[in-house]
Structure formats: C-alpha cells, structure tokens
Amino acid sequence: MLEFAPICIYLVISLLVSLILLGVPFLFASNSSTYPEKLSAYECGFDPFGDARSRFDIRFYLVSILFIIFDLEVTFFFPWAVPLNKIDLFGFWSMMAFLLILTIGFLYEWKRGALDWE
C-alpha cells in the first residue's frame, strides 16, 4: 500500500487545487445581476437581432459525432504502427479487421445520406 502513497498525495493535492481554483472566483465576484445590460446577449455592439439561443440543425450534431468517431481511428493507429514489426500477422490482421469494420460503418453512413448536406 505504501507504493501508492505518491499517487494518493497527487490526487489529494490536485483535488485541493481544483477546488481552490473553482472557489476563489465566488469570493471575489461582484453582484452584476443588477444591470440588465450585462445579462443581455452581446452582438458586436449592436442590439441583438433575435434570441441568442436558437436551435441548430441536427445535421451539425450528426457531422460532429461522425467526425469524432472516424477521427478516433487515428488514435488507434498509433499504438498499432509503432510496434508493427513486433506484432506479427495477428496484429496486422486484427487492425485490418478494425479498418474493415470502420469502412463498412463509413459506407453505411454514406449510403444512408448522413453526409449529404441539402
């Protein structure tokens, strides 16, 4: 248990620093809710044209989720590519299976029209 003492100390110190950094602004913050101008939306010095909290099209979220999914494959390539000469054929074919599954998913999304923007 003694070998985990530095990790526990690090976790306690990081928790304390986080709580201090989150709590200090509340001590020094002024009550700015008395000014309605500070609560209104700011659009480059102009009066707001409409509601600042308008709805976005669902396609924005879909494209961002698809980007995250297919961008994460790059993070799986690095641990595979570094020891490529040491993992033999099993590692190579397991990554090819991973790429095949990703390609099938990409083609499915493409076929369903998730990437079309109309």
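Glycine residues also receive a Cβ, built from the backbone N, Cα and C atoms like all the rest.
All TrEMBL annotations are machine predictions without curation.
For 7-28 (among others), the entry in TrEMBL reads transmembrane segment.
Here TrEMBL flags 58-82 (among others) as transmembrane segment. Outside the transmembrane segment (58-82) by six or more residues, the chain places 91, 95, 98-99, 102, 105-106, 109, 114-115, 117 with a CB less than 8 A from a CB of the stretch.
Residues 69-70, 73, 76-77, 80, 83 of the same chain lie 6+ residues outside the transmembrane segment (89-108) yet bring a C-beta within less than 8 angstroms of a C-beta in it. Annotation comment: TrEMBL describes 89-108 (among others) as transmembrane segment.
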